[in-house]
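This report refers to the structure that appears directly beneath it.
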Amino acid sequence: MQDLKVLSPEEIKGLDEPRISPSQNQTDYSKKIYLESYGCQMNFADSEVVTSILMEQGYSTTSNIQEADTILLNTCAIRENAEQKIRHRLQSFKPLKAKNPHITIGILGCMAERLKNQLLEEEKIVDLVAGPDAYRDLPRLLEEVEDGNKAVNVFLSREETYGNIEPVRMHTNGVTALVSIMRGCNNMCSFCVVPYTRGRERSRDLDSILKECTYLFESGYREVTLLGQNVDSYHWQNPETKQSVNFAQLLESVAQLNAELRVRFSTSHPKDITNEVLHTMAAYGNICKNIHLPAQSGNDRILDLMNRTYTREWYLERIQSIRNILGESCGISHDLIAGFCSETEEEHQDSLSLLEEVKYDFGYMFSYSERPGTPAEKKLSDDIPEEVKKRRLQEIIDLQRIHSAYRNQLMIGSVQCVLVEGDSKKSSAHHFGRTDNNKVVVFPKKEEMKGEFVDVKITHCTSGTLLGELIN
Ligand code: SAM
Ligand code: SF4
């Protein structure tokens with residue numbers, strides 16, 4: 001999944017930083033698309049589907065906004081600041097639009113779905129709005145804009161999985177790839193906008209997932225991350241044989257494709273992660289021993305208000321099962337929200353004590369942001385002052401940083417199998433890669449080894465990175 005390091009508030013903000021689709025070096029068609037992606041890994045995977053659909057229609061992509069005919073922003077709505085960022089970005093397009101009134105500006109993804117037509121009224125610069133299930137319709141929507149109209153499609157589907165679309169890999173290192181296995185979410189956590197922006201849960205067919213992973217392996221990729229809001233509730237039924245496939249079975253099928261293909265997955269909901277999944281992970285050396293298990297809070301009253309459907313005790317039992325079945329070295333990460341509605345100081349202390357009890361390798365930590373239309377917005381009061389939320393968040397981040405450093409120190413002296421992803425960001429004399437339990441390792445480069453599995457002895461660490469030397 002993402003880099004294993006403790007994030008400062010600035011870095012957490014950085015998670016919302018966009019990534020720009022590079023030029024795909026295709027035939028230089030007249031219509032050029034510039035696409036920026038914000039938010040979660042699902043959005044980045046979706047942008048690869050969008051690019052595929054548009055390139056199929058003869059569009060090309062560019063990383064130079066100045067030469068674009070169409071600017072698309074694939075957006076996130078999970079917290080208010082994610083939407084503010086998009087609105088600011090739209091302001092910055094005004095000079096471009098003034099210079100070239102024919103340029104098309106489109107909003108895709110969760111913010112498009114949440115605001116629908118309202119977005120066209122509030123942001124006059126926007127010509128096109130397309131929700132996460134409307135990407136096949138993008139060529140028609142773009143034509144509608146060319147005809148001088150505004151275009152909107154925010155229909156949420158119960159079936160769409162884009163299963164038959166081969167994503168165009170962008171931002172790729174040629175070694176690791178995201179593979180979407182399901183869409184939507186049925187969980188209705190009271191704070192969360194995802195069920196409203198991404199619709200009902202549906203699982204992609206097994207054959208198309210296996211085909212995509214096989215193709216990736218044959219193209220030189222050595223790691224796939226199976227993606228969904230709640231991967232453990234993957235459930236697909238073969239329409240011909242009526243045979244059902246659950247997540248453990250899917251995981252096993254992907255792992256069996258080739259022992260040289262590493263398999264990761266994200267995200268697991270604590271109520272759904274079964275011992276069957278954990279035993280499947282234990283049985284295959286190429287299924288990475290790392291689990292992202294969002295907690296959200298360490299207090300039962302708050303978990304109930306959040307409608308997470310588990311208790312602290314249940315959550316800790318799942319952590320114990322992970323450690324029993326997969327061992328102490330299995331990487332475990334979390335999501336935690338500070339300052340949810342009516343959270344008392346004692347209840348906040350329960351979140352800190354949960355961190356203390358688990359000592360996670362890594363965490364994504366947020367202060368609560370009320371989202372319009374969610375059950376929490378309708379029924380609860382967002383009554384924790386911003387400065388209190390901020391202070392509680394900082395306490396959580398500070399403690400997580402200590403635990404990340406602790407977990408990394410435990411690895412000093414060990415030899416780790418590292419999949420090399422490329423050069424270290426700071427120095428081309430160093431390679432960087434990841435361990436099985438998803439820790440970033442930097443080590444001096446001897447020769448070009450991108451895409452290879454190598455043994456690295458861990459010699460030093462920071463709270464975010466392991467440092468080591470190549471052996472043999
Ligand atoms: N499906 C995953 C799960 O159940 O844990 C999480 C998906 S959500 C895109 C990622 C994280 O954003 C959540 O785990 C939660 O911690 C955080 N989040 C969601 N809504 C939020 C809100 N209104 N305010 C603050 N953080 C929020
Ligand atoms: Fe949101 Fe909960 Fe679904 Fe995760 S499981 S996407 S937090 S509603």
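The first residue you see is number 1, and the count goes up from there.
Just so it is clear, glycine is given a Cβ too, placed from its N, Cα and C backbone atoms.
Curation does not apply to TrEMBL; its annotations are automatic.
Features of the protein shown, as given by TrEMBL:
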- Cys40, Cys76, Cys110: [4Fe-4S] cluster 1 binding site (BINDING)
- Cys185, Cys189, Cys192: [4Fe-4S] cluster 2 binding site (BINDING)
- 31-147: domain 'MTTase N-terminal' (DOMAIN)
- 171-407: domain 'Radical SAM core' (DOMAIN)
- 409-472: domain 'TRAM' (DOMAIN)
Just counting, how many other CB atoms are there within 10 A of the CB of Cys189 ([4Fe-4S] cluster 2 binding site)? 21
Cβ neighbours within the same chain of Cys185 ([4Fe-4S] cluster 2 binding site) - under 8 Å, at least six residues apart: Cys192, Val194, Pro195, Arg198, Glu201, Gln229, Asn230
Which binding-site residues of Cys40, Cys76, Cys110, Cys192 contact ligand 2 in the sense of C-beta under 6 Å? Cys192
Which binding-site residues, if any, among Cys40, Cys76, Cys192 have a Cβ under 6 Å from ligand 1, given in order along the chain? Cys40, Cys192
The domain 'TRAM' (409-472): DSSP-derived helix, strand, coil residue counts: 1 helix, 33 strand, 30 coil
Count, for each of the binding-site residues Cys76, Cys110, Cys192, the other C-beta atoms lying within 10 angstroms of its own C-beta, and report the residue with the smallest count. Cys192
For the recorded [4Fe-4S] cluster 1 site, enumerate neighbouring residues of the same chain (Cβ within 8 Å of the Cβ centroid of Cys40, Cys76, Cys110, site residues themselves excluded), in sequence order. Tyr38, Gly39, Met42, Asn43, Thr75, Ala77, Ile78, Ala82, Gly109, Met111, Val194, Thr197
Taking the center of the Cβ atoms of Cys185, Cys189, Cys192 at the recorded [4Fe-4S] cluster 2 site, which other residues in this chain have a Cβ no more than 8 Å from that point? Asn187, Met188, Phe191, Val193, Val194, Pro195, Gln229
In DSSP terms, the domain 'MTTase N-terminal' (31-147) comprises 62 helix, 23 strand, 32 coil
Distance [Cα-Cα, Å, rounded] between Cys40 ([4Fe-4S] cluster 1 binding site) and Cys189 ([4Fe-4S] cluster 2 binding site): 17
Measuring Cα to Cα, tell me the gap between Cys110 ([4Fe-4S] cluster 1 binding site) and Cys189 ([4Fe-4S] cluster 2 binding site) in whole angstrom. 17
